[in-house]
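Submitted below is the structure of interest, expressed as structure tokens.
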């Protein structure tokens, strides 16, 4: 009897350390799998830069920043953002509208995003890095405890387990970018997402979907990037899309053909 009880408790403990199946489905309603872009349609430069962005490059992460400075009306310039970077001092954040800027300019904000220097236009030349979105309000946006986001992942229709620690946030309202950066890093590490076929990059198409209980879902074609360099590859985050982290989960669909 004691052995049976111990076995049951061990099973429960192991289950809680991985992402459960949460309101998932084997196919996304947002984008048909046949419409997903194939990895072979990306140029080699773009594929290499996607790998660099999501796996190797450090991210801009900070809390409780404030700035009234701008370069253009759809930007906010954070002077002295980098304190120990080899090249950059300032961070120029670009949004797709002035309305978004007005929500954050002069307010206490938190930042989490992928930044780049090559082809960054604005600020002090060679001393300013650029980033699209990645901004949330600081005040009254902190969870009482860190949120670990459950992930459902299917590879060619077969569900694979994803550790529950893979994607997490301490924010009530979080940018999709923050969650997406963490998820794609895992996909690169586990599945060589942005490797070429020669270097064991077996995944040929993919879709990531961010679901919440109260808002429309947000989805990205994992190989749907435009252009070759960070200034265009990262433009999907320019809308600074945020979602409520409560009762949310992520669905990922990967295909090897």
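Using N, Cα and C of the backbone, Cβ positions are placed for all residues, glycine too.
According to Swiss-Prot, the feature Zn(2+) binding site maps to 211, 249, 251. Residues annotated as disulfide bond in Swiss-Prot, with experimental evidence given as evidence: 120-130. Taken from Swiss-Prot, the feature signal peptide covers 1-24.
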Least buried of the disulfide-bonded residues 120, 130, going by other Cβ atoms within 10 Å?
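Comparing Cβ neighbours within 10 Å for the disulfide-bonded residues 120, 130, 120 has the fewest.
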Pop the Cα-Cα gap between residue 211 (Zn(2+) binding site) and residue 120 (disulfide bond) into the table, whole Å please.
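Each residue's Cα considered, residue 120 (disulfide bond) and residue 211 (Zn(2+) binding site) end up 32 Å apart.
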Measuring Cα to Cα, how many Å separate residue 249 (Zn(2+) binding site) from residue 130 (disulfide bond)?
29
For the binding-site residues listed here (249, 251), tell me which residue's CB has the most neighbouring CB atoms inside 10 Å.
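That would be 251, with the highest Cβ count within 10 Å.
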Measuring Cα to Cα, tell me the gap between residue 130 (disulfide bond) and residue 211 (Zn(2+) binding site) in whole angstrom.
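Rounded to the nearest whole number, the Cα-Cα distance is 28 Å.
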Can you count the other CB atoms that lie within 10 A of the CB of residue 211 (Zn(2+) binding site)?
23
